[in-house]
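So the structure is just underneath, and the comments pick up after that.
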Amino acid sequence: MTHHSLKHISDRIKQALNQIENRNLAQDLWYILGEQNFQGFLPAFTVNHFCEKYHMTDKELALILLPVSACYANPTISHFSVGAIAKGESGNFYFGANQEFCTTNIQQTVHAEQSAISHAWMRRESKITEITVNYTPCGHCRQFMNELNSAETLRIHLPHSQDNLLHHYLPDAFGPHNLQIDNRLFDKKAHNLFLITEDPLIQAALDAANQSHAPYSKTYSGIALQLQDQQIFQGSYAENAAFNPSLPPLQTALNYLLLNGNEVENIARAVLVEQPFRLSYRGMTEELLAYLGDIPLDYIQVS
């Protein structure tokens, strides 16, 4: 799979930082991102440090960071890079970017807002308070964000318009409340799926399944990917009241892997743990893994 690998993420970020007018800020960002191996993430204390040092708000910093976030995009179909920054209740910044996969179906795509939000979710953020994105969110992403436990108060910032509530973009919205669902995306889960295993990859996939948000189908599903250097990345299924904007577990894991500065070519193993009540992501997962490089899938069904 040729996946944007013509340029390493560090080369793309260096190019984006060259566009920042404040050269000292650009140098500081380069140092911080380099120190953390180009993980697309800034902890709250770093965000606060930059804001104090350069006399700017976190909203202004997020807007400046959008071209950097867009460096993580893999727009192999659209050739159109979108960057997003999700700000958590913790004050952390989580980068996101669109992830596209050629030769498979277009439903495998991850949108930038989904990317930033699921990135925050995998890092165990409790709530998203703000989303900054370089283009107006599409209808798919507006609906995806409406599943959040912060949907009613979520603020969206664009280069040309800031501080708009999500419901400014999605008035009279259909959402979880229409289906009598109270537990929202980012709320704590208690699915109590159980396996006896000493394999850390299987345990990670089980943990991801137990964190999954699937109140409509009750198909709890989670995946874990192990790289050649033994790093493990989890992905949980994020279901949506409107069904189609749901984010499959593999997409969540691949996105998390990519936003951590890694490459899909380094995946060595994959385990999917699932309680397939009304659905199953096995086939879709196997299809995308085959495209990524014939990665075998260990599938474990739990009940």
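Residue 1 is the first one shown; counting continues down the chain.
Glycine is treated like the rest: Cβ placed from N, Cα and C.
As recorded in Swiss-Prot:
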- Glu113: active site, proton donor (ACT_SITE)
- Asn98, Gln99, Glu100: substrate binding site (BINDING)
- His111, Cys138, Cys141: Zn(2+) binding site (BINDING)
- 57-172: domain 'CMP/dCMP-type deaminase 1' (DOMAIN)
- 196-303: domain 'CMP/dCMP-type deaminase 2' (DOMAIN)
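Here the features listed in Swiss-Prot are painted onto the structure.
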{"residue": "Asn98", "record": "substrate binding site", "Cβ contacts under 8 Å, 6 or more apart": "Ala73, Asn74, Pro75, Ser78, Phe80, Ser81, Val82, Thr109, Val110, His111, Ala112, Ser115"}
{"residue": "Gln99", "record": "substrate binding site", "Cβ contacts under 8 Å, 6 or more apart": "Ala73, Asn74, Thr109, Val110, Ser115, Gln251, Leu254, Asn255, Leu258"}
{"residue": "Glu100", "record": "substrate binding site", "Cβ contacts under 8 Å, 6 or more apart": "Asn74, Pro75, Thr76, Ile77, Ser78, Thr109, Val110"}
{"residue": "Glu113", "record": "active site, proton donor", "Cβ contacts under 8 Å, 6 or more apart": "Ala84, Ala86, Gly96, Ile131, Val133, Pro137, Cys141, Phe144, Met145"}
{"residue": "Cys138", "record": "Zn(2+) binding site", "Cβ contacts under 8 Å, 6 or more apart": "His111"}
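For the recorded Zn(2+) site, residues His111, Cys138, Cys141 set the reference point as the centre of their Cβ atoms, and the other residues of that chain within 8 Å of it by Cβ are Ala112, Glu113, Gln114, Pro137, Gly139, His140, Arg142, Phe144.
Neighbouring residues of the recorded substrate site, listed in sequence order and excluding Asn98, Gln99, Glu100, comprise Ala73, Asn74, Pro75, Thr76, Ile77, Ser78, Ala97, Phe101, Thr109, Val110, His111, Ala112, Ser115 (Cβ within 8 Å of the Cβ centroid). Other Cβ atoms within 10 Å of the Cβ of His111 (Zn(2+) binding site) number 23 in total over all chains. Counting every protein chain shown, 25 other Cβ atoms lie within 10 Å of the Cβ of Cys141 (Zn(2+) binding site). Secondary structure at Gln99 (substrate binding site), as computed by DSSP, is strand. Look at His111 (Zn(2+) binding site): DSSP puts it in coil.
Looking just at the domain 'CMP/dCMP-type deaminase 2' (196-303), the mean pLDDT is 97.
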